[in-house]
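First up is the structure itself, then whatever we jot down about it.
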Amino acid sequence: MKVSSQTPGELSKKKFELLHDARYWDSPQFKLISGFEPKGSQPQAIEKLVEGLKKREQFQTLLGVTGSGKTYTVANVINQIRKPTLVIAHNKTLAAQLYNEFREFFPENRVEYFVSYYDYYQPESYLPAKDQYIEKDAQINPKIEQMRLAATASLMSRQDVIVVASVSCIYGLGNPENFQKMGFELKVGDKVQRKEILEKLIDIQFERNDMELMPGRFRVKGDTIDIIPGYFDDIIRVELFGDEVDRISEVDKQTGQRKEDMDYFFVYPARHYVIPEEEQKSAIRSILEELEEHLPTLGLLESHRLKQRTLYDMEMIEETGSCKGIENYSRHFDHRQPGEQPFCLLDYFPEDFLLIIDESHQTIPQLHGMYNGDRSRKKSLVDYGFRLPSAYDNRPLKFEEFEKYMENVIFVSATPSDYEREHSARIVEQIIRPTGLVDPEVEVRPLEGQVRDVMQEIRKIVDRGDRALVTTLTKKLAEELTEFLARNEIKARYLHSDIKTIERTEIIRELRLGKFDVLVGINLLREGLDIPEVGFIGILDADKEGFLRDSKSLIQIIGRAARNSSSKVVLYADNMTESIKKAVDETERRRSMQIAYNEEHGIVPKTIRKPIREKVVDITDTKHIPKTDIPNVIIELDAEMREAADRLDFERAIQLRELIKKLEKEVKAV
C-alpha cells in the first residue's frame, strides 16, 4: 500500500500502522525474567505508575533514592503496560548500563541501543575572525551504526521493543516512510529473478563484495545470494531455483553452519538515509532553486564559493547517489518546508509509546539546549557562503517539538527539577530500598578547622576498614587537601575532569581494594561512584551556594554514602543556607521513613559488598613485548577489543584498536 508523504509529526501519529510488515502485529509480548520479586517501595511504585498510565496521565515522576532499584521498577511497568518503550539517558555510559540491565530483564524481547555513532567528531565550522574554514571530520563506529539500524528495524517489525538512547535520538534521521518503502520482502515460493534481487539490494545501499562479508554487504555464488543486513551479525542465505525463491535460511557467519530455515525475511535498507531515484531528481531541482534565490543575497566571494560548492555536490549526487555533507540537504530530500522539524528516531515509534526519561534533572536541560548550539555553529557557514540556508534544517528537535511526542512519560530522578514537578500528575516516591539500607546520618559542622575535622573522621573510618570521599570546590583545593592528607600519613588520591574514563575506573577500583583510603574530588556526582565501601563523605565549604552546592547536588552527594549501613555525611558550613536546609530535611525525612519500615518488618540493614572486577590491563606500554610475541598479543588484544565492543565499552575498544594498529606496524617493520 502506498503511503503519501507526511510531515514527521503527522507520519508518527496517522500513518504508522501502514509502514509495518505483517510480523509487527504478530510479535510477542514483553516477558520480564528476574530472580527476585519487588520489595520495599517497589510494589506500590509499580502499582501507582501503571495506574497513572492506564488513566492516560501524560506525565508522572518516579522519585527514587539511590539504590532503590528504579530500573527494576521501570521494567515491571513496561512488562505490564506492553507498549514499545524509549528510554533516554543523558550520556553514553549511563545508556550502556541501562541497555545491559534491560537486556537481562527482557532476554526474549528486543532491547536496542541508539547513541551517536561517532568515535570522533569535529563538526564543520567557519571562524570569521581568522578566516578559517574547518571541514567536518568524523570517524564512524560500525558496531554502533549496526545497533542504530537494528533499533529502527525492530521498531518497524515488532511491538515488544525497548530502545535505550542518548539525546542523539532527537537528531535528524532518515525518513521512516522511505526506510520501510524501499525495503523488500523475500518469501519462499515467490517468483523473482536473481537480477531483480541484486538491483533492489544496490538501490538500498548494500554493497556487493564476494570476498569479505560484513553488515551492509552481499555476495553471489550461482543461484545463492548471501546477505548480511546492516542490523544483523549472521548471514541471510537466499537460494533460488530458476526464478523462484527455493529456500531462505540464517547461517552462522563464523562457522558457516545453517542455524534455521525461514519462510519469510524482510530486508531493510543498509543505511537510514535512502532516497528513491525519482525523489532524488526532485530534490536536486529544489536545491538548485534555493541556490538561485539565495545567491543574490551574498557578496561576490561568498556567492562564487557557494555556487561552486553546491553544483559540485549536485554532480556527485547524480553520479554516485551521495556527496560529502549530504545531510545538509536533507530538507529537500524529505520534502519539508523551511523551519519544519526533521525526522528522528521518535518518528519510528507508534503514537502510543512509553517514554522514560532517566536522570531527568540532567536529561531535560540537555534536550532543551541541543537546538541553539547547532544553530549558532551553522550561522557563520550560511552567512559566508559555505552552506545554503536549508542546512539549518538538518538539526536536532527544538524542545517544544520534542514535547509533542510526550504522551506517556515517566521522569526518573532522585532529585526532580521544577519542569518535572510542574508537569507531573503524580510524583511516585520510591524511598524504601529492597536491601533495607537507610540514608546516611547527616551533620552540619562549622567551617573553622574543617580540614582537621575531616582528617579525624577519616582516621575513624579507616580504622574500621571503610573508605571516605571528600568533595571540594576547586581543583587546586582538591590537590592541596590530597597533599595535606598524604603528609599526615593518610593514603589519598584526587579525581578531576582531566582523568580519562579508563583511568577513573581504575582509581575507583583501587579505592575499593584499599590501595588508598580517601578519594578527593570536585564533582562526585558522576556515574560509577556508588561504592559500598564508602562509610564517610565530607563536603567542604557546603554553604557556598552555586554549582554542586545547591540542594539537588547536595542530596545526590549524600546519596553516595547510602550503600553502607554505617555511613555518615558531614557538611562544613557557617551559614545554614536554604540549599543545606532542604538537603538535610529531605535526607532526614527519607531516613525516618526507612528506619520505621525496617523496624516494622524486622529488617536489619547490611552493607552489600559488590564483587570487585579484575584490573583493566595496562595497554599503553608496548616496549616490553618481545617481537616474536607480538602476533600472539595482537590476537589476544583483538579478542579483548571485540569483548569490549560487545559490552558497549567503546572507549576501551577504540584504545585497543589503536594499539593493535601500532603493533601491526611494528611487525611490518621487522
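Cβ atoms are placed via backbone N, Cα and C, with glycine included.
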Query - Listed range which Swiss-Prot flags as motif 'Beta-hairpin', given the options 117-140, 477-500, 501-524 - result: 117-140
Query - Cβ contacts of GLY69 (ATP binding site) (under 8 Å, same chain, 6 or more positions away) - result: GLY40, GLN42, GLN430, ARG433, PRO434
Report task. Please list, for the domain 'UVR' (631-666), how many residues fall into helix, strand and coil according to DSSP. Result -> 33 helix, 0 strand, 3 coil
Query raised in the report: Other residues with Cβ within 8 Å of the Cβ centroid of GLY64, VAL65, THR66, GLY67, SER68, GLY69, LYS70, THR71 at the ATP site?
Result: THR73, ALA414, GLN430, ARG433
Query - Sequence-distant neighbours of VAL65 (ATP binding site) in its chain (C-beta under 8 A, six or more apart) - result: ALA414, GLN430, ILE431, ARG433, ASP439, GLY559, ALA562, ARG590
Query raised in the report: Across the motif 'Beta-hairpin' (117-140), what does the pLDDT come to on average, as a whole number?
Result: 86
Requested in this report: Go through GLY64, THR66, the listed binding-site residues, and name the one with the sparsest Cβ surroundings, counting other Cβ atoms within 10 Å.
Outcome: THR66
